[in-house]
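Peer 1: According to Swiss-Prot, the protein has these features:
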BINDING   Arg23, Glu81, Lys120, Lys452  (6S)-5-formyl-5,6,7,8-tetrahydrofolate binding site
BINDING   Asn227, Thr246, Ile248, Thr251  K(+) binding site
BINDING   227-232, 246-252, 271-274  GTP binding site
BINDING   Ser231, Thr252  Mg(2+) binding site
DOMAIN    217-373  domain 'TrmE-type G'
Amino acid sequence: MLINDTVVAPATNISTQAIALIRVSGSEAFLIVNKLIKDKKLEEKRGLFLRKLYFEDELIDEVVLSCFVAPNSFTGENVVEIACHGGILNTNKIINILIQSGARMALRGEFSQRSFLNGKIDLIQAEGINNLIHAKNDLALKIGVANMSGSNNKAIIELKDNLLDIISRIQVSIDYPDYDDVEGSSIEDLTNLLEIINDQINKLLMRSKMAFKNSEGIKTAIVGQTNVGKSSILNALINEDKAIVTDIPGTTRDIVEGQINLENVSLNLIDTAGIRKTSDVVENLGILKSKNLINEADLVLFVVNKENINDLDNQEIFELLKDKTYILIVNKAEKLSQTEKQNLEKKYENIVFTSAINHDIDQLVLRINQMYLNEEISKSDELILIGLNQITLVEQIKNKLSTALSVIKSGMPIDIVNVDLYDAWNLLNELIGVEYEDEIIDNIFRKYCLGK
């Protein structure tokens, strides 16, 4: 990527909205925008300015220009943001004129990439911006904001510093074996210090994996016998008639999917074929898929009604759910008395009542949110990472530290330990972007939106 050229891109979606924002960033940002201004050319100073834009003596638009002078901008470069009138034609016309005047169309995520390369943000903050933009639920939104602000990133800096301190102590003991006055350099002291760092990394990994799954979507299978209201549950959850709903048993013969974003978790929903005894070959294939999906799912929504809850087909499903996380949903609850509900609650765990045909699924939504309200990740002020490449790096760091601990506890030569510790330290640097390869950085930022 050329860092010395000037780039342009829409910072807002190009549509028929009233106002659009176009960002120009680079050393020639003022020069290029001034080519479109007849009177009162911009000076390189910070401020807001009302100007008319022209191209070949034709008035294009009247705009507001927000000007930032390097290094005091998001990218660390000269930046001019053009608030123009919206509309697909108008916005694209101004962008094309800016390109003809010397700017280049920015790549996806290039503004954030320039900000990173110019030292305005670190890699965790950059990923936080992307997490914030693509957040599907409140948890992911909170993590994105926290990481974007950099408020929790000092945790990685402290881990790096503490690990470097251990590496240095070990190196002193290797280089000067007769010099044993270095405080905290005994095998016991080093082991204790390493265990503290290892524990911190393990907790970061655990929090991050849980948050990643909650933000990306829990694989959720809706299972049960035929005609108990599974498809109605799916339609009510996603507020869309995605699955066919009829009184004919066995209507759903294949897999129907949808997604819902709740407060603490996103669910990837799968409505499965009803499980029952049948001689229909095609329906049996769907039933086999349903049973396989029970094994694969992170969460199972098991739908029954009061008439069939105890029959043999449902007992088979209960058996399949023995080691699974599931919610028992008694649908068609409008047909149940309060006493009947209370008796079922005494007999079965994790039970809720719904009337999906009436879109009454409040109990179910509340229960799912409660199940995935993890205090450690939802109310934590500690660093949580939800980028897959970030989690992979933390896992590699954990493995390096675990190997180092095993080596030091086994009594092997201390210099062997430093090999894994130094690798772990380098991986921590990579996590925040202190050391990086161009291809890796390019790959990360190309996942961003245009204009970020």
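The backbone N, Cα and C atoms fix where each Cβ goes, and this holds for glycine too.
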Peer 1: Please name the residue among the binding-site residues Glu81, Lys120, Asn227, Lys230, Ala273 whose C-beta has the most neighbouring C-beta atoms within 10 angstroms.
Peer 2: Lys230
Peer 1: With every protein chain in view, what's the tally of Cβ atoms within 10 Å of the Cβ of Ser231 (Mg(2+) binding site), excluding that atom itself?
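Peer 2: For Ser231 (Mg(2+) binding site), the count of other Cβ atoms within 10 Å is 24.
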Peer 1: Of the binding-site residues Arg23, Glu81, Lys120, Ala273, which sits closest to Asn227 (K(+) binding site) by Cα distance?
Peer 2: Ala273
Peer 1: What Cα-Cα separation, expressed in whole Å, is found between Lys230 (GTP binding site) and Arg23 ((6S)-5-formyl-5,6,7,8-tetrahydrofolate binding site)?
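Peer 2: Cα-Cα, rounded: 48 Å.
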Peer 1: Cα of Ser231 (Mg(2+) binding site) to Cα of Arg23 ((6S)-5-formyl-5,6,7,8-tetrahydrofolate binding site): how many Å, rounded?
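Peer 2: So the alpha carbons of Ser231 (Mg(2+) binding site) and Arg23 ((6S)-5-formyl-5,6,7,8-tetrahydrofolate binding site) sit roughly 46 Å from each other.
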Peer 1: Arg23 ((6S)-5-formyl-5,6,7,8-tetrahydrofolate binding site) has how many other Cβ neighbours within 10 Å of its own Cβ?
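Peer 2: Summing over all protein chains shown, Arg23 ((6S)-5-formyl-5,6,7,8-tetrahydrofolate binding site) has 23 other Cβ atoms within 10 Å.
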Peer 1: Going by DSSP, is Arg23 ((6S)-5-formyl-5,6,7,8-tetrahydrofolate binding site) sitting in a helix, a strand, or coil?
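Peer 2: Assignment for Arg23 ((6S)-5-formyl-5,6,7,8-tetrahydrofolate binding site) reads strand.
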Peer 1: Please identify, among the binding-site residues Arg23, Glu81, Lys120, the one with the smallest Cα-Cα distance to Ala273 (GTP binding site).
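Peer 2: The answer is Arg23.
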